[in-house]
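The structure appears right after this line, and notes come after that.
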Number of protein chains: 2
Amino acid sequence: MRVLGVDPGLTRCGVGVVEGVAGRPLTMLGVGVVRTAADDDIGTRLVGIERGIEEWLDRFSPELVAVERVFSQHNVRTVMGTAQASAVAMLCASRRGIPVALHTPSEVKAAVTGSGRADKAQVGAMVTRLLRLSAPPKPADAADALALAICHIWRAPAQNRLQQAVAQNRLQQAAARHASAEKGRTR
Amino acid sequence: MRVLGVDPGLTRCGVGVVEGVAGRPLTMLGVGVVRTAADDDIGTRLVGIERGIEEWLDRFSPELVAVERVFSQHNVRTVMGTAQASAVAMLCASRRGIPVALHTPSEVKAAVTGSGRADKAQVGAMVTRLLRLSAPPKPADAADALALAICHIWRAPAQNRLQQAVAQNRLQQAAARHASAEKGRTR
């Protein structure tokens, strides 16, 4: 399966696409960062994130988008920006009927390094090894996005297929509800 | 000026449109709530919020969207949902070049009741009086959305005109940047 991992952030939103199945060597198809200017207003920055995520979805057509689950942190300002960027990523995926999976940072670290308390360098080193890259992806947000995608592919192959079916079904139901609401209104 | 106020939330997102200028009686053009089902997944809910906000923007063509500024609260789960719903509202507005203004709950309460610590009932009562309604709008989220719009109209008339000019200009610049990036890619 092909997964787009998203490490959400307003200033640097890490994105990485990994293809493969659990138990086989994985392949990296692309990695990068969607950036927005810190001096732009919040609305403009969210539009920039949306545009960036849409480009990655267009280019790689992932079957699933894995997003880091946001927790409250010490810095309230940072966590709000992270929650907002993650909302845009989830919105872009769901709008296309692509299922979204959330993984916590410690789930991701544990999946790729064996320890939920691994540091950035360990995660970067393992991502490099698992995807057979010549050097760790930079910045760390890009490596984290790849780690999210790897974590997802390894965690639940059967669950993924179920999620895809459910997401497609919900999109169809929502479209049907919307169509009938539109019909009711124009009557 | 015409302002759409948005009291963000995943389960109930209050929306209200107010028209007028500071120092003159204000007019309510519409009020309501965009709802999403608590048992839907987060991506589906964000798509529902987007669809709802888009309908309000289509229907009322506001010149500005006023959104409640989200702060960290005791309940981390709630604040995340609020931050995510507010991101979708800001995204929808900014995508159309409509400026977004953020006001804190206490700014809104102070603007409509004279006290930053007013309760829901006081806010509802003042919104009813200021907009010459026959009864307080229900639920409270709908009344809060109207209060946000009123707060914005009263706070800064000169600042609003400046913001609109800046937002339009940013949108044009972003479109130009995007166009030149696309051009670079297809070359």
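Backbone N, Cα and C atoms are what each Cβ position is placed from, and that goes for glycine too.
All annotation found in TrEMBL is predicted automatically rather than curated by experts.
According to TrEMBL, the active site annotation covers B:D7, B:E68, B:D141. The Mg(2+) 1 binding site feature in TrEMBL is assigned to B:D7, B:D141. Residues or ranges marked as Mg(2+) 2 binding site in TrEMBL: B:E68.
Where TrEMBL records a feature, it is marked here on the structure.
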{"residue": "B:D7", "record": "active site", "CB count, 10 Å": "29"}
{"residue": "B:E68", "record": "active site", "CB count, 10 Å": "27"}
{"residue": "B:D141", "record": "active site", "CB count, 10 Å": "24"}
Cα separation, B:E68 (active site) to B:D7 (active site) (Å, whole number): 6
Cα-to-Cα gap, B:D141 (active site) vs B:E68 (active site), nearest whole Å: 11
